[in-house]
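Asker: Sharing a structure here in structure tokens format.
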Amino acid sequence: MSYKCSRCKRDVELDEYGGVRCPYCGHRVLLKERSRDVKEVSVQ
């Protein structure tokens, strides 16, 4: 799963048992990346 650190803005890959912490700066707030899929919605 891909996350982005809220402090240093780097992409972080987390393992299941690695803990929730940025390996670069040690910050504990990680933001989940949004999917890049485009969704179509029909409007009536």
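Glycine residues also receive a Cβ, built from the backbone N, Cα and C atoms like all the rest.
Swiss-Prot lists these features:
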BINDING   Cys8, Cys22, Cys25  Zn(2+) binding site
Asker: Have a look around Cys22 (Zn(2+) binding site) and count the other CB atoms within 10 A of its CB, chains all included.
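Answerer: Taking every protein chain into account, the count is 19.
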Asker: Given the Zn(2+) site residues Cys8, Cys22, Cys25, which other residues of that chain have a Cβ within 8 Å of the mean position of their Cβ atoms, reported in sequence order?
Answerer: Cys5, Arg7, Arg10, Val12, Pro23, Tyr24, Gly26, His27
Asker: Sorted by position, what residues of the same chain at least six away from Cys25 (Zn(2+) binding site) have a C-beta under 8 A from it?
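Answerer: Within the chain, Cys25 (Zn(2+) binding site) has Cβ neighbours under 8 Å at Cys5, Arg7, Cys8, Arg10.
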Asker: Ten-angstrom check, please: count other Cβ atoms within 10 Å of the Cβ of Cys8 (Zn(2+) binding site), all chains counted.
Answerer: 12
Asker: With H, G and I counted as helix, E and B as strand and the rest as coil, say where DSSP puts Cys25 (Zn(2+) binding site).
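Answerer: It is coil.
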